[in-house]
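See below for the structure under consideration.
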Amino acid sequence: MCGLLLFQHYYQNKLKLAIIGQSLFGQEVYSNLRKQGHKVVGVFTVPDKDGKADPLAVAAEKDGTPVFKFPRWRVKGKPIPEVVEAYKAVGAELNVMPFCSQFIPMNIIDNPKHGSIIYHPSILPLHRGASAINWTLIHGDKKAGFTVFWADDGLDTGPILLQRECAVEPNDTVDALYNRFLFPEGIKAMVESVQLIADGKAPRIPQTEEGASYEGIQKKSNAKVNLAQPAEAIHNWIRGHDKVPGAWTVIDGQVRFLELTSRENTHSRGAVPAGQALEIDGLSQPGLVTKNGLVLHGTDGKTLLVKNLQFEDGKMIPASKYFSSGESTSVELTDDEKKMAEEIRNIWKGILSNVSAIEDTTDFFKSGAASMDVVRLVEEVKQKCAGVQLQNEDVYMSPSFQDFIQMFVRKLRGEDQEEELVIDYVSLKVNNMTLKMPYQCFINGKFEDAESGKSYDTINPTDGSVICKVSYASVGDVDRAVAAAKEAYDNGPWGRMNPRDRGSLLYKLADLMEEHQEELATIESIDSGAVYTLALKTHVGMSIQTFRYFAGWCDKIQGKTIPINQARPNRNLTFTKKEPLGVCAIVIPWNYPLMMLAWKSAACLAAGNTLVLKPAQVTPLTALKFAELSVKAGIPKGVINILPGSGGMVGQRLSDHPDIRKLGFTGSTPIGKQIMKSCALSNLKKVSLELGGKSPLIIFSDCDMDKAVRMGMSSVYFNKGENCIAAGRLFVEESIHDEFIGRVVEEIKKMKIGDPLDRSTDHGPQNHKAHLDKLLEYCDVGVKEGATLVYGGRQVDRPGYFMEPTVFTDVADHMFIAKEESFGPVMVVSKFKNGDVDGVLQRANDTEYGLASGVFTRDINKAMYVSERLEAGTVFVNTYNKTDVASPFGGFKQSGFGKDLGEDALLEYLKTKAVTVEY
């Protein structure tokens, strides 16, 4: 019955559609509408060009949908009767025009029962006309978007049905904006619009003329860039033209025409690097050809960077190679390479079907190839020659067949290796050493500024001073990092690597971390406030152990053989395989920046995945240093990507991204719930969550008092209380309560609070000011509710974010501090009646959290009884904070699910495939 209801729903409120348009966008709209159950009764598209059909026509013909390829719909302004008759014969109820370059007569537009809807890539009434995306960027608009509107007899003036918008990133190009938002979201919007019409719910909102604008079509003749402008205006002009028609100017007086590609234009910051001067018409001072590209100066003194230059004949070169573009020499091909070259020649022939023979001098673009042909060429060559890393840009830079083969062979031989890693360090003399710290985003094996050019200050909590500025990643950076990780997983060496070799690389990474452990511990100390000795032993030490542990697992991941019932006379073999998930996202907190990175990423990498990791915004520096060490260890590019920035932007995009298959998160419960929701709504990605806690520690009167005091203090004050499993509430048996509190206070008074780099310091600063303020407020609430403040509760009178170790007693079960986590050095103590084991268990479990717990008693029977009944992922008996890389770690209830560490952690990053073979 359920299937029948679904079947009936599938065919409710569906329309007969005519698709009028062209391009890959039109093809996707067509395919998605058919998937939704609408009937496409006719596709009207453009004639074949050079013997090749439009993508929309290809898809429709494959499906058996009637396809009409009219070169025109009217002559001398009047509809062609034969064309109109052919159109009316299909009986469409709605015309859908996803992208149409032809002029459609009004008797076609108005013919269907529901009329016609059109997609336009701007927020109408802004930028009416054929070059809307270009003008959005040229004008420097902060928002872009698209409109689905009802067609009328004006130019993009019909009533609005639906609009969507997105932010324009400072370095967006036409391609970037189209591929990131206008294309994928536009397809969804067209499908949604059709369904709204089918359901009778589609609005018709008249367009206002207020703010309306119309700009003409951008052609090569009017695309010359005016260089006598501020840098941002030049930048906007170039990126608004992309490759077609391409902004152009005259350079060096020798080349009359040159296209400037803006794919990676960025405003530079700081001093302009050294370079070779290049005279450019209209520029007040020469451009500079640097190792990064061509630097141009605006009239406002600011600069921008042009990465690629394209000549009139279509040849593209890196701008950095302008003065050496003609120096490359040909390589002699081996016999095997010659065979491969002939196979590639056949691929060219298949794409350029209009060319009789592919000669060495055949130019890909002059032979009629378009951008989709570039994608096809790259993918076909990669499929034929696995392991060769080709990009679309390689085709533009090697457009002739001979140049393409030369480029291909160099890549095949590894002669086109990446340049040595370039790092623009921040240097700092501290702790008797000079720290060299990367501060930029790490994407696809390179450190680079955020796409937006934005940065933020990371603060030393010891004195509140700025350590350095760190790149502030944007949504565009996330998309590029995910694309790099996906490419590395799908086509890079990581996915094909022998597991034992993968383990060797992780061992090497652990060795490098050990070699740099003092540097890592110092960075951790100044960035997070961790006491140096603890950072060295735990933050860094356990991170090294974690990578070594999981490196050993790489070649031990295995499935099972499973006996199943045989279907005689056949025989069957069923077995399972454990396979990596693909691209994984990891979002980590600020309390143990490096250790939390290691706990999640080591298991993720050992399983064979690639990753994009977002460190906490306030503690990014050890993660970026780790990225540097990963390159030195030989981890292939794209396998590890690190994006500092905000959780609201970077974390949210990672949760939403359709190419990410797993997200591991450590942080607060409310954020964990939001992440889980986003992961479900996006693509049902796998999730593991290590969230908040209010871990109970029960101390019975028969405990070892010396140990209970020592471990009880450690359970609360370890790492300044910024500890996921910190004992959020201590239950002390009544008969020993006062003695326990007295001894704790005595020990607190002996603790040295101070500079975390001082080897004798016991207690360092809280991680950041906002957290310190929350802790002080937490203590104020405790006092107001009637708890007894025995010690502390105040900020230490010195620079930085230091808080006194604090003790509360007489804490009733209903109080805020009894229920909520402080995540700081606050001991919350409640008495329980002598001998009331079940009563204290009930109170200990009366929480929505279940991360960790503890019990101190000499009675082993009591210890086992209590440990069995405590509702927590970890139970410590006569110890606390004793975690090990081989033991699984994770919570119950609203403390999350999934495990870090141990074999269980590997399973979080693997999927099980069952295979049955009949023989």
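Heads up, the Cβ atoms here are built off N, Cα and C, so glycines get one too.
For reference, TrEMBL has these:
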type     : residues                                            : note
BINDING  : Gln102, Phe103, Ile104, Asp156                      : (6R)-10-formyltetrahydrofolate binding site
ACT_SITE : His120                                              : active site, proton donor
SITE     : Asp156                                              : site 'Essential for catalytic activity'
DOMAIN   : 335-412                                             : domain 'Carrier'
BINDING  : 588-590, 614-617, 647-652, 667-668, Lys774, 821-823 : NADP(+) binding site
ACT_SITE : Glu690                                              : active site, proton acceptor
ACT_SITE : Glu690                                              : active site
ACT_SITE : Cys724                                              : active site, proton donor
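Structural mapping of features recorded in TrEMBL.
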residue: Gln102; record: (6R)-10-formyltetrahydrofolate binding site; Cβ within 10 Å: 16
residue: Ile104; record: (6R)-10-formyltetrahydrofolate binding site; Cβ within 10 Å: 20
residue: Ile588; record: NADP(+) binding site; Cβ within 10 Å: 26
residue: Lys614; record: NADP(+) binding site; Cβ within 10 Å: 27
residue: Gln617; record: NADP(+) binding site; Cβ within 10 Å: 21
residue: Met649; record: NADP(+) binding site; Cβ within 10 Å: 19
residue: Gln652; record: NADP(+) binding site; Cβ within 10 Å: 17
residue: Glu690; record: active site, proton acceptor; Cβ within 10 Å: 28
residue: Lys774; record: NADP(+) binding site; Cβ within 10 Å: 14
residue: Phe823; record: NADP(+) binding site; Cβ within 10 Å: 24
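His120 (active site, proton donor) sits 40 Å from Ile588 (NADP(+) binding site), taking the C-alpha atoms as the reference points. Same-chain residues with CB within 8 A of the center of the Gln102, Phe103, Ile104, Asp156 CB atoms, the (6R)-10-formyltetrahydrofolate site residues themselves not counted, are Met97, Cys100, Ser101. Site extent for (6R)-10-formyltetrahydrofolate: the farthest pair of Cα atoms among Gln102, Phe103, Ile104, Asp156 sits 14 Å apart.
Taking Cβ-Cβ distances under 8 Å and a sequence gap of 6 or more within the same chain, the neighbours of Cys724 (active site, proton donor) are Pro589, Asn591, Thr666, Glu690, Gly693, Leu851, Ala852.
According to DSSP, the secondary structure content of the domain 'Carrier' (335-412) in residues is 49 helix, 2 strand, 27 coil.
In the set Ile588, Gln617, Met649, Gln652, Phe823, none of the binding-site residues has a C-alpha within 10 Å of the C-alpha of Ile104 ((6R)-10-formyltetrahydrofolate binding site).
Looking at Gln652 (NADP(+) binding site) and Asp156 ((6R)-10-formyltetrahydrofolate binding site), their Cα atoms lie 34 Å from each other. Of the listed binding-site residues, namely Phe103, Asp156, the sparsest CB environment within 10 A is found at Phe103. A Cα-Cα distance of 57 Å separates Phe823 (NADP(+) binding site) from Asp156 ((6R)-10-formyltetrahydrofolate binding site). Straight-line distance linking the Cα atoms of Lys774 (NADP(+) binding site) and Asp156 ((6R)-10-formyltetrahydrofolate binding site), rounded to a whole number, equals 54 Å. It is 50 Å from the Cα atom of Gln102 ((6R)-10-formyltetrahydrofolate binding site) to that of Gln617 (NADP(+) binding site). Rounded to a whole number, the C-alpha distance linking Lys614 (NADP(+) binding site) with Phe103 ((6R)-10-formyltetrahydrofolate binding site) is 49 angstrom.
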